[in-house]
Number of protein chains: 4
Amino acid sequence: MSEEKFDFTIDNLGPCTIPSPIKLSTVHGDYTANYVSDDSYVISNVNVFDKTKPVVLDSSNLMEKAGPREKIYFDPTHAKAGICTCGGLCPGLNDVIRAIVRCLNTRYGVKTIKGYQYGFRGFFPESGYEPLELDRYLIDEIHKIGGTYLGTSRGGGQRVSEIVDCIERDGINMLFILGGDGTQRGSYDIACEVEKRGLKCAVVGVPKTVDNDLMFIDRSFGFETAVQRAKETVAAVHMEAASQINGIGLVKLMGREAGFIAAAAALSSHETNFCLIPEVPFEMEGEHGFLACLERRLAKRGHAVIVVSEGAGQDLLQATGATDASGNKKLSDIGVFLKSEIEKYFKAKNIEINLKYIDPSYQVRASVTTASDSIYCERLGNNAVHAAMAGKTKCVIGLVHDKFVHLPIKAVTAHRNAVDPEGSLWRDTLDATGQPILMVNDKDKALEKMAAAVAGAKSKPSEQKKGK
Amino acid sequence: MSEEKFDFTIDNLGPCTIPSPIKLSTVHGDYTANYVSDDSYVISNVNVFDKTKPVVLDSSNLMEKAGPREKIYFDPTHAKAGICTCGGLCPGLNDVIRAIVRCLNTRYGVKTIKGYQYGFRGFFPESGYEPLELDRYLIDEIHKIGGTYLGTSRGGGQRVSEIVDCIERDGINMLFILGGDGTQRGSYDIACEVEKRGLKCAVVGVPKTVDNDLMFIDRSFGFETAVQRAKETVAAVHMEAASQINGIGLVKLMGREAGFIAAAAALSSHETNFCLIPEVPFEMEGEHGFLACLERRLAKRGHAVIVVSEGAGQDLLQATGATDASGNKKLSDIGVFLKSEIEKYFKAKNIEINLKYIDPSYQVRASVTTASDSIYCERLGNNAVHAAMAGKTKCVIGLVHDKFVHLPIKAVTAHRNAVDPEGSLWRDTLDATGQPILMVNDKDKALEKMAAAVAGAKSKPSEQKKGK
Amino acid sequence: MSEEKFDFTIDNLGPCTIPSPIKLSTVHGDYTANYVSDDSYVISNVNVFDKTKPVVLDSSNLMEKAGPREKIYFDPTHAKAGICTCGGLCPGLNDVIRAIVRCLNTRYGVKTIKGYQYGFRGFFPESGYEPLELDRYLIDEIHKIGGTYLGTSRGGGQRVSEIVDCIERDGINMLFILGGDGTQRGSYDIACEVEKRGLKCAVVGVPKTVDNDLMFIDRSFGFETAVQRAKETVAAVHMEAASQINGIGLVKLMGREAGFIAAAAALSSHETNFCLIPEVPFEMEGEHGFLACLERRLAKRGHAVIVVSEGAGQDLLQATGATDASGNKKLSDIGVFLKSEIEKYFKAKNIEINLKYIDPSYQVRASVTTASDSIYCERLGNNAVHAAMAGKTKCVIGLVHDKFVHLPIKAVTAHRNAVDPEGSLWRDTLDATGQPILMVNDKDKALEKMAAAVAGAKSKPSEQKKGK
Amino acid sequence: MSEEKFDFTIDNLGPCTIPSPIKLSTVHGDYTANYVSDDSYVISNVNVFDKTKPVVLDSSNLMEKAGPREKIYFDPTHAKAGICTCGGLCPGLNDVIRAIVRCLNTRYGVKTIKGYQYGFRGFFPESGYEPLELDRYLIDEIHKIGGTYLGTSRGGGQRVSEIVDCIERDGINMLFILGGDGTQRGSYDIACEVEKRGLKCAVVGVPKTVDNDLMFIDRSFGFETAVQRAKETVAAVHMEAASQINGIGLVKLMGREAGFIAAAAALSSHETNFCLIPEVPFEMEGEHGFLACLERRLAKRGHAVIVVSEGAGQDLLQATGATDASGNKKLSDIGVFLKSEIEKYFKAKNIEINLKYIDPSYQVRASVTTASDSIYCERLGNNAVHAAMAGKTKCVIGLVHDKFVHLPIKAVTAHRNAVDPEGSLWRDTLDATGQPILMVNDKDKALEKMAAAVAGAKSKPSEQKKGK
């Protein structure tokens, strides 16, 4: 099996010559935090299946540790910083913004921090959105509310030249971009254009994906908060289901290509009977299809709770012709589709059911962070600042094996991570739900079809995670 | 610097010959979870400071992965299991109990599961506490309440012979012990006595320490929940402080030898101005002592919030003679001590203060788990069962680099983990509070004293964590 | 203006001759709770507009106080009780069930308590749902979960004869029915049939309406909890709206004929800009219509939050032809209708908006009670038992002027209560939202139309509440 | 029995001649909120025990309704307002401040609103606390945090002359004072001094007492929130108790002279076994004393939860000599006293117990409001502004029979309300806890002693509430 290799080397704007103003220590034993050196690494692949094979120690397996450097690239008294948030909401955006501003302001003494509004829109003069002048006082309480203080929008990342025009115009030396993989690909292009023009501007991303589908990292910020909220929704729907005759609770959760939120909600709620995720195909009809399984569950226990990722079962939507009505986005909604199919099925069988469907996505996304996400965001923000001050660029901050590292944008956006249907997370999820391993009628045929689908997919279970 | 070495080899009761009844897969690509082999390891030390030095791949650096084995040691149709919970409360105990019972019952078909009550007490006939007969129905909802369904008590672990008498009498083949390091040392002794008597009983621990001071593992279960609750308390006390003239909020949190909860609460609350932990000594008096720092903070901002670990500043309690009153336990309470010293100090200076002191420990400990702790507990319990069924013994289950592993009790109880005063967690905490790095008057003298203290301490910052 | 008169006289099964076993006191000053006498009343109408007019003191203005009577009608050692819950979920059902069972069991010593399952279904033999035998131990923890322990269903109340057959068969002496006004009309018919057959069975209702639209009473149980949850949803949607370019948050809340939940959510959230309720008509089009008001708000503030009762604007759904597609229930959904109309409007004007729509009803309904609802439910349940033991029938328990009273089913089901558009609650709501008083174009024409509509409506602002 | 009479007549600064700028309606049927006339009253005493006796309709039984008047006293374009918060924290202070500022600013157009800081301190020049200039933008988000935005302090209310000097200096026309009964007595004196000097300044209070011991009103703001938080604490302590051998959970709650919070916490938690309040004396020793009752409970169920008001059992503290150590405030702490006595008692009997004591007061007081408290505070604030604009003075705003009214300070501060030991609230509380009605050994002697104590008490069960 040939594993894909990634290069974890981090780009620098140039040599660091300016002593850091934050005055840490270089010795042990003085009760003062130490600078982190560029020679500190974390081993990426910690799985060992053959003890006799030495561990590779090169740029494909070593990740550079994040943290404050003794010498930095930018003179903080003159450096100007910019921040923006792009794409959909995710718990913790304000926590990260706050941490970046505070670390720049308080620790390094950076005075000019511009908050570009509404994603990349804020860079385009015609939008009319002037950047906000940020300082530690202005943002002191924003972590107590959800959403993003800077506003957000989708798209715009392809207008690289205009964005860099703005960076040039405003004299920005470090740009912090909070966004998903689409956004980070934009960040990469921006960094390249910056380089081409000979500008001195570090582009550092904080990867945002509430779906938790980012490769290499332990988890994405906001994910735990989302699971907490999702769990609360599942609990409510379970109560509805359990109180009705053949009550069925159906919850659609976020997860376009990865079922992490759905699996975690199922595992944490202890009340889910079916968890449907994009990584594990299923069939609706037939003796072993989902509907028959659901019927058997109802017969046995009188109610059922179903958690479904928004990206699950997309092949079914086509197979049943549900998307024939051209352009009708609602029809490609797996939640609405399942609701309708379940109702049809039981109506045809003349079995009374009481189905309650809920899509809590907006409540989940806009939530204030849990304590552990709050801490995570704070530390991501701090490390993003340390990276930018040291002239690191084209990189994002990640948590790997519980340590903060720099990761090249190129590597982290190559693929998306996904739930491994044969790994321990999904194994424990199935144990918790009690659902059949595969809800298909002809397993061999199904496997074949799946193999074809996976081959063409952008998202795949990371090899890095396989051993989990 | 000579690093201490630990041996991560796991003890087995004997060869596994019985096919597992849980019917997983041994091939990839069939959408069925795979068994985990005994040859799967996780690298313990992922820090690399010198790329040219090969990574050691022996039992001092490889941890055995947890998970279901293809062949198991015990015949599940005849095996009898026991569970007990020992020591103080911690969020998640019921989640773990529930997971163990469900996995034994549902996955392996184990029918006899005895819940020994009130810690080790339940093993002693004279206590009068009969073991509960557990099954999946009885424990189905216990994760929704805090505390422990089995009851708990302290001590009793040294009565090894009597405990093993009970194991023998009841024919227990696998004993799951949820408890802290003291308890797990008892577990080890029990496992040794079991071995000596030639009994076939696996002893598997699930390490419990709300203080998060367990070596090697990413975090202990219940810790995140505790931090969530602690954060809420700090927020309340901050409101009190901010609403009064020279308002001072003082919160004592758990942490006998490690300040993880206090540091995390300070980091997550964003409203703490002083965080005092056992790992970082401080002085009360003098220009650079804590009281003067507090006075300066009040003069500048009008209020202050202090978070203190119960184990912080223990040397001060003696130094000030506060424990002279023989046997008065309250005087060794750092919270009460600080309250009294602060009040004395400002009274002497004729400065009005309004101090509110709270110790929320019981509320924190008895809390229902957050979603992520709930998931963690579920998976710890499942893996504990897989370990015991495979005849693993004298081990605990841990999460290391986001993977579940078996860890020898001997290794995990050798020392306690602690916050590294020179590491990134404490660095970020100091950034969040804005407090001075060291609140001492003569730094050199203080360092000397600390060095002496550390040398004699049982707890020390784990080398494993140094690179964080 | 001729005010409708109601008769608050309570029906009794017969004279009370049996000394109550709960041993309260009849004297003051002995620190022992006193029995409540049948001569204790509460004045219903506390509004005085003319001091010279004496207050009417007859059965149209005096409500009988609830509470334990010194003499009771049923011999508790032989009495058999039944309980059922009907209709949609509402927070607090389990709290009320628990209180009834505990009070019957612990206070009066009633031994046989049957829990009829799934609403009136449980009375019909063909349903196959055997009644549960309830006691205080079985239901001890049910208040910690939402939903209803007994299950619920809609309808069935018209099968009076069959229900009374079951009462007769099971020898039930007191039936507690938790349900809305449709259900309580059924209760009345059941009580009449019971009477006709000469059976000795008290029928006592606990009125359930999460919409809070019950006449005379201070508030219905579960309402406060619903508002708490609704507020949390509005807060989340506000965050979504505030983070997007022309972000619009749209929340549909419960309230078929009364806008209490929507108004309370708007008042408590402080973040709602438009609150649309059934009692206050509005137009979509025109300079003063809702859409133009919304556009002006967006132009001024960049985002907007709309809270709408499910029963608001029902005339619009017809007026715009939205319900032409025969039988399509979704089209009569005001939330979906508003979403679609808003999107059409701004698309036509080529104005970018970002609309997030959420319907949290199931989460709201299934919630565990807040502390004050929990207390309210407990006391409702206790008083229902005291009423039934004393042979009261054809009545429900209510809280009026902060006192528990007996109310005749006839009176409370005569009309529904509604928000008075000219009263103080709606005045304060408009102050909180800042929306125009009436979003119509020709006020006179609109008033005419409204007058016609109100004349035909079942629900109307209670005269009892007018003075609020 | 001669009932005390109160005069509910409200003082006015003078005739109202200025048309209100808020443009409400004076007719019914136009969908526009109506002004409230000075002739609208609410009957205070709604209890009827004798139908033949006409209801008194004079100033001793009619309370003036609050709300906006058609004609007002002050010209809003010139009027200056002041606000201050005094005494201990209570949930909702910021909600009320926000409502007052918004109503003044947005509804009436008042431009100058001074926020006096730290209670009455802010009026004294030597304190150095300048008043804050408040407007609707500044306070827009303060309801999301607990505490008080203006700061608070105790005392100072007796320095009437200096306070009125400040009112005169600043030209304040209406002063809103949020505080307890001590503070409101100060408000009264201030209003009198204002009158004496011929100043035009309305003094309107919003009564604050988290203990809920205010006479006449349905409930005080913040009380429900406090009960919600208290319930959560009791739940935690119950878990501790239930998990230990003879576990005892002891919670001290607020309630200096009235046990409403303790009773409500016990009722709502369903897990309290003993509720001790100031209104119901108890003895520690003897067969029927509290300690023996506790021992019996432990013997029967293995654990116990005790909720105690801070003001309960104050006679015991003296009786046992516990306060002999002069001036030691801690010894008069009933929580610490109970903890110590319980430990002594069981130690002497050689019975192992595990007692956990918690005093969550600061967490309870500083909490953000529940939705219903938030609404209540908003409406209290609005009505306070309407009252002041109409020149009402020496009054507070209250909620009586679910209607907002003006109440004379004189009347509401005459006594405190208390739990009626023979009323329905305490009856239901005893039912919930299952504790003995009176834990005394010689009932007659105890009653005598109690009668003497009550005669001398400032607080007593309101006659107004007797019928509840």
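Note that Cβ sites are derived from N, Cα and C of the backbone, with glycine treated the same way.
For the ATP site that TrEMBL gives as A:Arg154, A:Gly155, A:Gly180, A:Asp181, A:Gly182, A:Thr183, the extra residue drawn from A:Gly88, A:Gly92, A:Gly247 is A:Gly88.
Checking the candidates A:Glu162, A:Glu168, A:Glu310, A:Glu422 against TrEMBL: the one annotated together with A:Thr209, A:Val210, A:Asp211, A:Met254, A:Gly255, A:Arg256, A:Tyr362, A:Gln363, A:Val364, A:Arg365 at the substrate site is A:Glu310. Annotation for A:Thr209 (substrate binding site): spatial neighbours A:Cys90, A:Gly180, A:Asp181, A:Ser220, criterion Cβ-Cβ under 8 Å with sequence separation of six or more. Distance from the CA of A:Arg154 (ATP binding site) to the CA of A:Gln363 (substrate binding site) is 19 Å.
Put simply, A:Gly155 (ATP binding site) is 19 Å from A:Arg365 (substrate binding site) when counted between their Cα atoms. Here the domain 'Phosphofructokinase' (A:81-387) has a mean pLDDT of 93 out of 100.
Listed in sequence order, the residues A:Cys86, A:Gly87, A:Gly157, A:Gly179 complete the 8 Å Cβ shell around the ATP site centroid, once A:Gly88, A:Arg154, A:Gly155, A:Gly180, A:Asp181, A:Gly182, A:Thr183 themselves are left out. Counted within 10 Å of its Cβ, the other Cβ atoms near A:Gly88 (ATP binding site) come to 20, all protein chains included. Of all Cβ atoms in the protein chains displayed, 23 besides its own lie within 10 Å of the Cβ of A:Gly180 (ATP binding site).
Put simply, of the binding-site residues A:Gly88, A:Gly155, A:Thr183, the one whose Cα is nearest the Cα of A:Asp211 (substrate binding site) is A:Gly88. Cβ neighbours of A:Arg154 (ATP binding site) (same chain, under 8 Å, six or more residues apart in sequence): A:Cys86, A:Gly87, A:Gly88, A:Gly119. Among the binding-site residues A:Arg154, A:Asp211, A:Gly255, A:Gln363, A:Arg365, the ones whose Cβ sits under 8 Å from a Cβ of chain C are, in sequence order, A:Gln363, A:Arg365. Closest in space to A:Glu310 (substrate binding site), of the binding-site residues given as A:Gly155, A:Gly182, A:Thr183, is A:Gly182, taking the CA atom of each residue. You'll find the Cα of A:Gly255 (substrate binding site) roughly 15 Å from the Cα of A:Gly182 (ATP binding site). Residues listed for ATP, A:Gly88, A:Arg154, A:Gly155, A:Gly180, A:Asp181, A:Gly182, A:Thr183, cover a largest CA to CA span of 12 Å. According to DSSP, A:Gly180 (ATP binding site) sits in a coil region rather than a helix or strand.
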